[in-house]
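Down below is the structure, laid out as structure tokens.
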Amino acid sequence: MSTADALDDENTFKILVATDIHLGFMEKDAVRGNDTFVTLDEILRLAQENEVDFILLGGDLFHENKPSRKTLHTCLELLRKYCMGDRPVQFEILSDQSVNFGFSKFPWVNYQDGNLNISIPVFSIHGNHDDPTGADALCALDILSCAGFVNHFGRSMSVEKIDISPVLLQKGSTKIALYGLGSIPDERLYRMFVNKKVTMLRPKEDENSWFNLFVIHQNRSKHGSTNFIPEQFLDDFIDLVIWGHEHECKIAPTKNEQQLFYISQPGSSVVTSLSPGEAVKKHVGLLRIKGRKMNMHKIPLHTVRQFFMEDIVLANHPDIFNPDNPKVTQAIQSFCLEKIEEMLENAERERLGNSHQPEKPLVRLRVDYSGGFEPFSVLRFSQKFVDRVANPKDIIHFFRHREQKEKTGEEINFGKLITKPSEGTTLRVEDLVKQYFQTAEKNVQLSLLTERGMGEAVQEFVDKEEKDAIEELVKYQLEKTQRFLKERHIDALEDKIDEEVRRFRETRQKNTNEEDDEVREAMTRARALRSQSEESASAFSADDLMSIDLAEQMANDSDDSISAATNKGRGRGRGRRGGRGQNSASRGGSQRGRADTGLETSTRSRNSKTAVSASRNMSIIDAFKSTRQQPSRNVTTKNYSEVIEVDESDVEEDIFPTTSKTDQRWSSTSSSKIMSQSQVSKGVDFESSEDDDDDPFMNTSSLRRNRR
């Protein structure tokens, strides 16, 4: 687009483009806690000052999948401050909005809502940090969409086939087909592209008159054989691709010579990892589109915290460092000190005249100490810069360059290997699980479960806090294996069962689509179980509170009545306290309601725990046994019902210990009863609470009761 065409008129779209804001990153840090909020304020202010038609976000608006109340509140506050007003919106929507926003309860663009006064619409896809999760598949963007501040588009409702329907925009004579695809696991999306399961729909009328703009949030650089999306997978009719997820700022559009479209990679607006890609200056883009022509003007962000990074190799300075010198460590420290001082001077020099930039910069010095050198204490060294840098704990990163064996194929990027990932973009949980089982010994290999399924379950457990994900996957694959063995009518011999299980597992591993269905079904079960647990927990807590309140009220009434009778009979000798025997009895009597309530609650808890334990101990061989051979659970319930009848002296011994002889006799009686109660408990599948917190396979409801 020429300079004359770039002039704003009624036919020119002005779009502010940004990605990977990661709102709420390190919000609890005393120094860096407000960095993301300040930068979002600057981005929205730039949109208002440049009078853009709308804001386009490429995913990862939030850093956490479940952002905190502070993060959500600040985001809503800033969106209301800058995006609401009386300035009219100059473009219109031509496409069917019920298709573009069909997953929303309000399937229309927010500025056309009669109850809202929007001056700058915000269009956004979701990223891998704020993607939909849970039984209802909701994400943080859905909250903003329901509130009317963000238009969430590009969401795929199917995991088997994706049809991307564009949002059709028109301003004057300029028409834009806005395509969006929210974050999907790269391996799955890669396979869908290979199998021709991704379709980008085009307008039926005069399709060549539209400017095709595509927003995607996936790995662009190659992290594995299928753990990225090649640019060649995208359709060649696209004019411009806004690529999110990659944090290095490459906002200037570059042309793909094979597909003949342009790619703009805005990068993140906040430093989330101390890696070389984050050291590039941060920008947002002001995109102008007129007809089929475009112009991208990059705008530097002035509120981003400075980040300086430098690498040194000790072996490259033989004149300064000798590993045989006993004082070589002091020499290395002095050399590192000089390098850091130089970076701090550069930071102070660049910060002159910019009052909006944070005072303390981020500094990272990577030291290659291969060649016989030894690292020094980083914590002690960092104490010198506590008041001068924002990351005093990890200023220096020591690494050793190890020689790799010669391999055929592409070279290994050692820069990525030595960079410590901090947000899971280069090192993922499921890859670690897969790598572990591939290199593990034969006796610890999985024989029933699959590596892929376990990797997905562990990822859900770690990243999305789905505490039942691992347990439900194990249950689902176990049930499926049991059904397979029953259908084959295998003899109940351990050797034959093991052989059939291995054969069945290999068959499932080859069928990747079936394995994906298994993982999805298990995750759906886990999310549904979490929702049911939360509802039952809230109802259970309400019942407990009511029973405790009633018990306390009955206890207080009992105390008052007994105390009144005591005062009347004994006169002034004991006052309100009453006699020892009566007082002791009244206390025991007043606690009767509490004792009954607590024991009933404990009984319910133990019975539920027994049921869970019984289901967990279910093995494959048990599937061939008749249900009549299984022990009845009524016996256990009967034992507990006998334990419920406890004299009030048991509770008195635990709550109000005394030293009188009578109380000592009660104490011995109570001790014997408590021992008998514990013996009955040991007769059931009793689980110690010491290891429950570390057990990811434990039921969520059991964990909640143990924490009480």
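Every residue gets a Cβ built from N, Cα and C, even glycine.
Cross-referencing Asp53, Asp60, Asp311, Asp319 against the Mn(2+) 2 binding annotation in Swiss-Prot, which names Asn128, His217, His245, picks out Asp60. Among the candidates His152, His223, His247, the residue that Swiss-Prot annotates alongside Asp20, His22, Asp60 as binding Mn(2+) 1 is His247. Checked against Swiss-Prot, the residues Ser183, Ser370, Ser561, Ser676 yield a single entry marked phosphoserine: Ser676. Between the listed residues Ser273, Ser649, Ser670, Swiss-Prot assigns phosphoserine to Ser649, with no corresponding entry for the rest in that record. Residues Lys171, Lys480, Lys496 are shown; Swiss-Prot lists ubiquitin cross-link for one of them, Lys480. Residue annotated by Swiss-Prot as SUMO cross-link (from the set Lys14, Lys384, Lys434): Lys384. Swiss-Prot marks one residue of Arg508, Arg576 as asymmetric dimethylarginine, namely Arg576.
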